[in-house]
Each structure stands twice: as C-alpha cells, then as structure tokens.
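S.K.: The structure is given below, and queries will be raised subsequently.
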Amino acid sequence: MTKETIRVVICGDEGVGKSSLIVSLTKAEFIPTIQDVLPPISIPRDFSSSPTYSPKNTVLIDTSDSDLIALDHELKSADVIWLVYCDHESYDHVSLFWLPHFRSLGLNIPVILCKNKCDSISNVNANAMVVSENSDDDIDTKVEDEEFIPILMEFKEIDTCIKTSAKTQFDLNQAFYLCQRAITHPISPLFDAMVGELKPLAVMALKRIFLLSDLNQDSYLDDNEILGLQKKCFNKSIDVNELNFIKDLLLDISKHDQEYINRKLYVPGKGITKDGFLVLNKIYAERGRHETTWAILRTFHYTDSLCINDKILHPRLVVPDTSSVELSPKGYRFLVDIFLKFDIDNDGGLNNQELHRLFKCTPGLPKLWTSTNFPFSTVVNNKGCITLQGWLAQWSMTTFLNYSTTTAYLVYFGFQEDARLALQVTKPRKMRRRSGKLYRSNINDRKVFNCFVIGKPCCGKSSLLEAFLGRSFSEEYSPTIKPRIAVNSLELKGGKQYYLILQELGEQEYAILENKDKLKECDVICLTYDSSDPESFSYLVSLLDKFTHLQDLPLVFVASKADLDKQQQRCQIQPDELADELFVNHPLHISSRWLSSLNELFIKITEAALDPGKNTPGLPEETAAKDVDYRQTALIFGSTVGFVALCSFTLMKLFKSSKFSK
C-alpha cells in the first residue's frame, strides 16, 4: 500500500445520519444538532486503533444528494465510498439509485455499506455483522443479515457491510477501519466472492511464498518453518495453541469437507502442505482476516496488483559510464547457498529436474540465458549438468552484461536484503596518455572481463569457445549465425581468480563492431585467423581498416589450427609484420588439440584486460617516467605553478617589509 492519504466519500439519502457519523467518530460523543453538510475532515494515523493498517491521513468527505454535480465531483476523486442507509426506504434506494449511479460514473472503487441508527444494539447479535478481535489483532468479519446478503450478491463492488449507531457510538471505529482496510488491504485482488475461491494471481503468489519458506525442500511446512515465516511476516512467534488449532482445522477440513476429502492439507509429523497453506489463506479471506494474507504477501514485496514491486526487482544503481557491475562477496555467497540447496543428490551439478525446482519461484530462465544456449554457455559435467563453477560464472556474466536481471532473480530466489548489497560497482575506467594517444589504464578492482572473438568464418572461433569450457574438439563444422557466449573462471599466477566472457558475434559482427557504445563493454578483442588458410588473415586486415576505432582497444592476435601446415597469408602484410607495426605481440599459435596453448591464450587475454597499455595498438614501449596518467600530469603541473606563485608572493612581501624598515 503506497497511498499516504485516503479519501472516504460518505453518501446516502438525506437524514440517514451521515454528518452525525462523522461528528460522533471524531468527537467521541453524539451531538444532536449539527449543520447539514460538514467540511472535509482529515484524520491522522494515530487516531486509528490499528496504526499498522492505517495510511498517513484519512479524509472524510460529507455529501448531500441535493447537489449531484458536487457529489459526482467528490465521487470521482474518492478512494472508497461509505454508503449509509437507516430504514426500509433508504435501503431500497441503495440498490435502486446509489449503486447504479456509481456504476454510471464508471467508478471502480470499494463500497462499505453501513446501516446507521441501530441505536438499540448494545453488542453484536445474531442478526448483525459479527466483528471481533482475537489475540492477534486480526478482524473476523461475517455477514449474517437478511438485508445485506441479497445486495452483496447483486453488487460485487460492495466490500463489506456493517451496522452502526452515531448515537450510541456502536461500531463507529470499526466502520471507519473497514473503510481504511478496503484500500490498505483490499479483498478483491485476493478472493473471488462469486465462486468462493482465491484468485489465480493470489494462488501463484502464495505458492511461491510456500516454496521459499520450505527450506528443506520436502514439500511441507514443518513447525520450525512456520515459526520462521511467522517471525518474518509478523515479527513475533506463533502461539503453540494457535498452531495446534490451525493443524486441527486443516485435519478436520480434509476429513469432512467434500472438496478436500482426498487432498492432504496437514500431515502429522511432517507439516502443512501447499494445498493446506492455500486453504488456510482462503479461510482468512472468507472470514475477513485477509490482513493476515496481505502481511505475508507484502513481506515478500507483492503490490496490490499481486506482482512483485518493480523497485525491489530493479533497484536504481548509479553506474558511471566506464564502470561495470559485478557480484559482491555477499552475492556470491547467496548463489552458492542456492546451488547447494537445490543440488538434492549432492553430485555437484544441477540436473534438469533440480533446475526446474530452483526456477519454480521465478518467471523461468532469464531471457539472456535462453538466447545463449544455457547451460552449454558455461561449465557442465559429463552428464550435461551445470556445475557450481559454471553456475557462478553464468551469474558473473549476467551481472556484467545486465545487472538488472541479476537483482530481479535474487529477489525471486528469496534474497532478503536490498538486492544492491549483492552487487558492487567497479571504479570508473581511467585513461592514460602515451605518445599523444589515450588508452585505458591498468585495472586492479575487477574480476570479470569481456572479450570479443572475431575473425573470418571457419577460422576456429567456435572451437575456441568450446575449448574454453573444457569440451573436446569436434570435426563437424556448424556456422555461427546468432551470437554465442562462453563464460568460465580462470586463475592467474598468485592464485587470483577471474571470470572471462568470450563472445562470438556471428552475423551481427559488423553491426556490433561499428557500435562504439557496444564496444565500451568490451575489454579485449581477440583477432583470430586460420594459420592453415592463406585467405584468412586478410579478413582481419580489412576489419581494422574499416573500423579504425578498434585500435583504441587491447588486441590479441591468434593463429588457430597451428597443428596443421602453416600457410603464407595472401595479404599485403603478414601477421607478424602487422603486429610489429601496431606495437602489439605477435600472434599466439594455438590448436584445439594443444591444451597448453589454449590455457596460455586465455591467460593472455585476461592479462591484456588487466594491463591494456601493453596490448593497445600505437603505443611503443617507453620508460615508466614518460608513461604517466595525464590527469596526474596536470595535477603536478598545477601544484608546481601554485608553489612558485606562493614563493614569489612571500618573497615580495619580505622585500617590501625590508624596504619599509629601512
């Protein structure tokens, strides 16, 4: 509930006691003589007996049926209507005029129907709506009145009905609370009174909450899990007697209610089933205790439309233009725990059934994953099941490419804190200058790097990606149409671990390479050619000529298929010559059959991302003294000028002082 102010418009025939209700409610006493129509009255939160359920302010709007224009104006700005009648004539007018009039205005707001002037009622009797407060401050509401039932059946916009008396103060606070509750805890999204069932969206939300609360994945909520859910949602323990009452109630329903006679709602020694959890919340809705259900739903960030709050799924994160987003230690820890929780057979991999259970409380696999052939975009075991290493690598890639997807799925998985705590933003990329050229500075705070693998078709790019994931070489050639991704972790000297993303661009290669914004996501470009194909290297030369801005990025030349006979390239310049001309390393000769050469390449790519200056074209080696951060140079120069100016000013003052003393 995000509304801070609720507007309650009080309607009804002349003489039913609308103004008296307002005065008696606010003054706590009955005043016989008052004006016909009261001005709007604002009631603060602390007036309510249940401040947790109340908005910041509730405005009561008194109306008169003699001025329909003013009445309609107020109705159109109302959040809830308090419709009052007091006798047979005004009761008939409710269904013959008032409710049809609301419909004619196109209003889609709840109506609280109130029978006023019930002065003879001193307590709730069998003919009135029973309203009582139990030990948990929940409201149990039941309509048992011959007047109310027919009108409730005909007009679904009526939220509930109540009898009041302005003269004796009977149920005034309760009526006011029901007006608030119709907005703060609406019944309509949860329960379909016409069929007597929870609505589909409510069922979906409650099923997801059950799955997240079933910590041991046994399909039952045992006493400890119920206690945990109770503390999480209501910040207090559940009474043993109340818990036993719930169990007995569910057992009784499953034995005697024909609808549930063959369905287990509670199993002694195991706990409440998913069906039992749904039935319990259905009972809350039927008895007017849907505040309980809403408390559960809102703890899990559901809005009034029963979707998870978008601000929770996609929190705003300030990311500078040259920064990237990675998982924090807390994020990695949570994802490790999720993996271990759903690895039921403890074989170190998530099979299809385990993945299905894991993603059951989400909308399904992320779109990024389905478009990149998950799980074969990362490390899988010999059964094709994603390993923990592959799981963490996949989420590292997802966070780097689209952190908003990660925050959403963290919430879906049940991450309890602000999803931003599971992420960390790297420092903005600094630029340095050497030989008049700007290039990227060294990196020391990142663990995830992105590499575009480009080259002529059939030069071995796909085999390179497969080898990166530890898969054996295949002789079968399959051209890459859509972009492909491979992500894995690797360890450099010193034991520091990094995640490397290799992207093969497919038919989108030209479009991506000419998109300078897309290239900002790229840390290294791996220029691959087939050393056994004399026509292969010319493709790279033409790319570098066409997209000259590629030379602003670190480049790594790779000569693939080195196990085959090396061919002279039919090109105006040979690979080694071009590398020398660009001041980058000579091509690294690799083969999918030589594992050591592949490992050397992946380490080389990562090192190029960490130290861009050694691999960016057009940067001849210079002494460290000449290769400095251009911002630092400006700072040092400015400091020097300032120091000289200060010394000059001091000397002038000393000179003038000396001259004056003479």
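First residue shown is number 1, and so on along the chain.
Using the three backbone atoms N, Cα and C, a Cβ is placed for every residue, glycine included.
Pulled these from Swiss-Prot:
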- Asp214, Asn216, Asp218, Tyr220, Glu225: Ca(2+) 1 binding site (BINDING)
- Asp343, Asp345, Asp347, Glu354: Ca(2+) 2 binding site (BINDING)
- 455-462, 491-495, 560-563: GTP 2 binding site (BINDING)
- 3-185: domain 'Miro 1' (DOMAIN)
- 201-236: domain 'EF-hand 1' (DOMAIN)
- 330-365: domain 'EF-hand 2' (DOMAIN)
- 446-611: domain 'Miro 2' (DOMAIN)
- 1-634: topological domain 'Cytoplasmic' (TOPO_DOM)
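Show me how these features fit into the structure around them.
M.R.: Within the same chain, the residues at least 6 positions away from Asp218 (Ca(2+) 1 binding site) whose Cβ sits under 8 Å from its Cβ are Lys270, listed in sequence order.
According to its DSSP assignment, Asp343 (Ca(2+) 2 binding site) is coil.
Other C-beta atoms found within 10 angstroms of the C-beta of Leu492 (GTP 2 binding site) number 13, with every protein chain shown included. Classification of Leu492 (GTP 2 binding site) by DSSP places it in coil, neither helical nor stranded.
Using a Cβ-Cβ cut-off under 8 Å and counting only residues 6 or more beyond its ends in the same chain, the domain 'EF-hand 1' (201-236) has close neighbours at 136, 189-191, 243, 267, 270-274, 277-278, 281, 293, 295-297, 299-300, 302, 305-307, 341-342, 344, 357, 360-361, 414.
Here the domain 'EF-hand 2' (330-365) has, by DSSP, the following mix of helix, strand and coil residues: 23 helix, 2 strand, 11 coil.
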S.K.: Please indicate, using numbers and ranges, the residues of the same chain that are 6 or more beyond the domain 'EF-hand 2' (330-365) and have a C-beta under 8 Å from a C-beta there.
M.R.: 208, 211-212, 215, 217, 374-375, 380-381, 383, 385-388, 391-392, 395, 399, 406, 409-410, 412-415, 417, 421-423
S.K.: Which one is it: of the binding-site residues Gly455, Leu492, Gly495, Ala562, whose Cα lies the shortest distance from the Cα of Glu225 (Ca(2+) 1 binding site)?
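M.R.: Checked the binding-site residues Gly455, Leu492, Gly495, Ala562; minimum Cα distance to Glu225 (Ca(2+) 1 binding site) goes to Gly495.
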S.K.: What number of additional C-beta atoms lies within 10 angstroms of the C-beta atom of Glu354 (Ca(2+) 2 binding site)?
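M.R.: Other Cβ atoms found within 10 Å: 20.
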S.K.: Could you check which of the binding-site residues Asn216, Tyr220, Asp343, Asp345 is the closest Cα neighbour of Cys458 (GTP 2 binding site)?
M.R.: Asp343
S.K.: For Asp214 (Ca(2+) 1 binding site), write down the residues of its own chain that are at least 6 apart in sequence and whose Cβ falls under 8 Å from its Cβ; none is a fine answer.
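M.R.: Spatial neighbours, sequence-distant, of Asp214 (Ca(2+) 1 binding site): Tyr220, Leu221, Glu225.
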S.K.: Report the member of Asp343, Asp345 (the binding-site residues) whose C-beta atom has the most other C-beta atoms within 10 angstroms.
M.R.: Asp343
S.K.: Say we define neighbours as other CB atoms within 10 Å of the CB. Which of the binding-site residues Gly455, Gly495 has the fewest?
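M.R.: Checked Gly455, Gly495; of these binding-site residues, fewest Cβ neighbours within 10 Å: Gly495.
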S.K.: Test of understanding: give the count of other CB atoms lying within 10 angstroms of the CB of Ala562 (GTP 2 binding site).
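M.R.: That number is 21.
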